[in-house]
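Here is the structure we will look at.
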Amino acid sequence: MGVLVQQLLNVAQLGAVYALIALGYSMVYGIIRLINFAHGDIFMLGGFLGLLIGVHLAWLPVYVMMPLAMVLTALAGVLVERVAYRRLRDANRMSVVITTLGVGIFLENLVRLAVGPETRQIRSGLPTGSVTWLQGHLGVYVTWDKVLIILVSLTLMAVLWLIVNRTLVGTAMRAVADAKDVVPLMGVNLNLIIAGTFAIGSALAAAGGIFYGQAYALDPYMGIDLGWKAFIAAVIGGIGSIEGAVLGSFLLAGVEVTTVAYLSSNLKNGIAFGLLILLLLVWPWGIMGKPAMRKV
Amino acid sequence: MGRARFWMVCAAALAASLLLQLAVDGGVLPDLLNPYYLHLLTVIGMNIILVASLNLLNGYLGEFALGHAGFMAVGAYTAALLATKVLPPAADLPPVVGPFCVLVVTLGGAMAAAALVGWLVGLLTFKTVGDYLAIITLGFNMIIVNAIQNLDFVGGPRGFTGIPKNTTFFAVAVCAVLTLAILRNLIQSSFGRVWVSIRENAIAAELMGVAVNRAKNMAFTVAAAFAGLAGGLWAQNQQFITPRSFDYIKTTEILVMLYLGGMASLSGSILGVVAYTVLMEVLRNLLSAFAPQLAEWRMLISPLILILIMLTRRYGLMGNREWSWLRPGRSA
């Protein structure tokens, strides 16, 4: 029982980080049908911005440091969209994809040159020690930061859901996703909505990066690996769907944690991808995705 | 007209590469014709095979395949196994003929193994298109790399060492020219027209009686076979391979060269590989000559140049166009 709860919490923690990245992929894809391969590197950048703020502005409390890093990363995401992607908005998809790959390589090397290639860990600033209530009732040793990471991530996802489904901006986003060419005729500023999508996606990725840096470690090239994984999670859930991105992330984390716990950590990627491919062969559009219309 | 000129260019390229190989081996003009430049040309040749074969899938068939390095890995490990464990060392064989036979057997095995894997991947993925196909091919790339990491008799994660150096620049040049010739003729043939018709409108193609799944699978098999060829050449040129060198970072690099050159253009594939490789080397040399402390910044400048090219020439250098000598007799 205790082991099971422990593993479930591991799944929740890893899944929360994946979900924070996957949401950015899914939102951008849902709105402008662009797979932003640089998004994994935005996540890495967010983690390092958190690290730098933590090191140089150590007097800032943790609940100021994280929003600050999120705002800075959101600005970076908007800047990337403005400089590199906006002019390619109606180009063919392949040249946009290559641009996103280029932006990704650029960000990786920028961070590596600025911070150095070694792996770093973010000083968490969160209360340490275990949650005694859980230890008393379930007999599991759970650190506070793990619980906080899961709770804050879930809160952020709930806020995103509220923004998309309950506000005017969210309505505009969904409208753009539905009919990009018609919405500007209704007086909606398309550039503003797309920039907003990039900002929200990047801010969530920054939160994921900081959590990842606290729980595991940061290195300039981690964005490729985690970015691909989050992208896969988004596709599994049905890319373009917010609920799907979260579901896919927890599913991927579950498969990974199970493989590491009961088989071998060497087989982690292989088994995770094998199962996920099987899943996609059953649900070709992802679990929550809508089947693409076949136009005749 | 175009056909005769194509074969003339091919013959000239082969003659030039043979001369270059002999000149470097003989030590003529060591300043100008040195092994470093020859190594660069070898890498360019192998990358042309990779990029041109991926162009078949991404450019002509119009599918978004992302697992090319996986097929390359299958070819590289097959060739390495054949060369070290199965075949006798080339030194025990008669000169010239012996190494040639070794090369033919290893590369043939590499192509066959990769083609088989490509056929299987094609068989499993025909249900999906677009971004889902991308994810499945990427997944296969990761599964192949992960499987190799867990196979101890090929070195596992430590890599495969002690592969004999059976490849020369000339062998790579011959393979690259052969690849281009075969791909060019395939694309002009009825197969090529079927692939382009699927890219333009799969449903219309189906209504015209095209067996879409079979045609797609054929393209996957051919592209994988050539990726395997490049892998076999790579293994026997580097003499050391690790699973990590075939993961999605390699796929990304192949994609960068492909898109830089332009989709659905064999000339673009050649140009993209040459431009990218030369750009990286020139940047390395320039920076280390003028400011050694800035040599690291090369990695920052090259993606910027890539983004600039994409912003100013969004179809790549040669998208959908061909040099006249590579162009088919009638427009395809």
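Indices start at 1 and increase along the chain as displayed.
Each residue, glycine too, has its Cβ placed from N, Cα and C.
Annotated transmembrane segment per TrEMBL: B:36-57 (among others), in sequence order. Sequence-distant contacts of the transmembrane segment (B:36-57) (same chain, at least 6 residues past either end, Cβ-Cβ under 8 Å): 17, 20-21, 24, 63, 65, 68, 72, 167, 169, 172-173, 175-176, 179-180, 183, 186-187, 195, 219-220, 222-227, 229-230, 233-234, 237, 254-255, 257-258, 261, 263-266, 268-270, 272-274, 277, 281.
If one looks beyond the transmembrane segment (B:64-84) by at least 6 residues along the same chain, the residues whose Cβ comes under 8 Å of a Cβ in the stretch are 50, 53-54, 57-58, 102, 105-107, 109-114, 117-118, 121, 130-131, 133-135, 137-145, 148, 154, 160, 162-164, 166, 220, 223-224, 227-236, 241, 243, 246-248, 250-251, 254-255. Per TrEMBL, transmembrane segment is recorded for B:64-84 (among others).
Residues or ranges marked as transmembrane segment in TrEMBL: B:96-122 (among others).
If one looks beyond the transmembrane segment (B:129-148) by at least 6 residues along the same chain, the residues whose Cβ comes under 8 Å of a Cβ in the stretch are 63-70, 73-74, 77, 117, 121, 154, 156, 202, 243-244, 246-248, 251. Marked as transmembrane segment by TrEMBL: B:129-148 (among others).
Here TrEMBL flags B:168-187 (among others) as transmembrane segment.
The transmembrane segment annotation in TrEMBL covers B:256-279 (among others).
With a threshold of 8 Å between CB atoms, the same-chain residues lying at least 6 positions outside the transmembrane segment (B:299-317) that come near it are 256, 259-263, 265, 268, 271-272, 275, 279-280, 283. Here TrEMBL flags B:299-317 (among others) as transmembrane segment.
Below 8 angstroms of C-beta separation, residues 6, 10, 13-14, 17-18, 20-21, 24, 38, 41-42, 45-46, 48-49, 52-53, 55-56, 60, 103, 107, 195, 222, 226, 229-230, 233, 237, 266, 270, 326, 328, 332 of the same chain, each at least six residues beyond the ends of the transmembrane segment (B:168-187), sit close to that stretch.
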